[in-house]
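Q: I have a structure I would like to understand better, so I am pasting it below and will then ask my questions one at a time.
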Amino acid sequence: MDKMESTRDQLIQLLAENGDAYISGQALSDSIGISRNAIWKQMKELEKDGYQIEAKPRVGYRITEFPDKLSSNTLKWGLDTAWLGKTILHHPTVDSTQAIGHQAAREGGPHGTIIVADEQTGGRGRMNRSWHSAKGKGMWLSIILRPKILPNHAAQLTLLTATVLADVLDKYDSVKPFIKWPNDILINEKKAAGILTEMQAEQDQIQYILIGIGLNVNQTRDDLHEDIQSKATSLRIESGNELSIKNLIQELLIAFEASFDKYMEQGFLPIKKKWESYGFKIGEEIAIKTFKDYWRAPFHGISEDGALCTETEEGKPISLYSAEIEWFNDTNRE
Ligand code: BT5
């Protein structure tokens, strides 16, 4: 980072920390170590970048509006969380936010650290599938968590994440989200979001969990990669409106923190109920694909620990932890 940029970052941070209150030119000049005239020049530069700044004579400055582009500062401004997103690492372009997240977690990145990018060149899904993450079109984000739960409960956090995403999307007009087991978000039977959970753990202790969330926001149908055009969608396609990715991220983080805190207090049961309220094809017949079999059976919901409750071909109840589900006239086959 060059000197100009770091001065500007310090300035934004000081103003952002001050919220709605004014901070005097003198105080800014003392903290950053540049002249009051230089502060004034920097303010003019910020305005060119889309910041709206109010300057009150003899009182000081405050920011009244942050630009819509993503940065650690714009995301933190107005983010009303206690622990989630206190550290936000933003990059314009990355291979995968998961890769950056693993590195940050290995280097001690705290619980609640967020990694977010405008674009991923090597975005990943489960089982090494690729995840298309075009520049400025979606939410491409990873969360580092260090929860005090048993490693075999980690999958519950993936289901929790799906319910948080569904809750956030449900608030948007003409968007009716469903969760396809275990954790794809569908709108009108097309995939709008996916979740990838990775974990570093010993037998009975989690070092960290990295939850990766990919949400299609502002793609038009033509913007979607041809591999996924028939089976994917975006919020813009569904709602007809372009949406602010920055606002969506903030809404997601606020809802995630509340849901996580509740989970730590009350356990999985409230999440299970919420998940089932969004569950796709619950009570209907689905096709189940495991690594060796493929059969049809009714989908009864999820168990207390997040497994898929269904039946064997012979009609005996079973719980499955890893499988893919499909439905008839399903266009989503891999
Ligand atoms: C997922 O995998 O759905 C998990 C996706 C997680 C992506 C996030 S973005 C931030 C973080 N950093 C990463 O590198 N990853 C995470 P899975 O259930 O395996 O689904 C993958 C399949 O979804 C692909 O094989 C495609 O068929 C389809 N797909 C790929 N890109 C898509 C997109 N943008 N929208 C909808 N479907 C897509």
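Each residue, glycine too, has its Cβ placed from N, Cα and C.
According to TrEMBL, the DNA-binding region annotation covers 25-44. Annotation comment: TrEMBL describes Gln120, Arg124, Gly125, Arg126, Lys191 as biotin binding site. Marked as domain 'BPL/LPL catalytic' by TrEMBL: 73-264.
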Q: Around the C-beta of Gln120 (biotin binding site), how many further C-beta atoms are within 10 angstroms, looking at every protein chain?
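A: Step by step: centre on the Cβ of Gln120 (biotin binding site), count other Cβ atoms within 10 Å, giving 26.
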Q: My understanding is the cutoff is Cβ-Cβ under 8 Å with a sequence separation of 6 or more in the same chain; which residues meet that for Arg126 (biotin binding site)?
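A: Expected: Leu196.
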Q: Restricting to the same chain and to residues at least six past its boundaries, which positions have a Cβ under 8 Å from a Cβ of the DNA-binding region (25-44)?
A: 7-8, 10-11, 14-15, 53, 55, 60-61
Q: Count the residues of the DNA-binding region (25-44) that DSSP assigns to helix (H, G, I), to strand (E, B) and to coil, and report the three numbers in that order.
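A: The breakdown for the DNA-binding region (25-44) reads 17 helix, 0 strand, 3 coil.
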Q: Look at the binding-site residues Arg124, Lys191 and tell me which residue has the greatest number of other C-beta atoms within 10 angstroms of its C-beta.
A: Arg124
Q: Helix, strand or coil by DSSP: which one applies to Gly125 (biotin binding site)?
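A: Note: Gly125 (biotin binding site) is coil by DSSP, not helix or strand.
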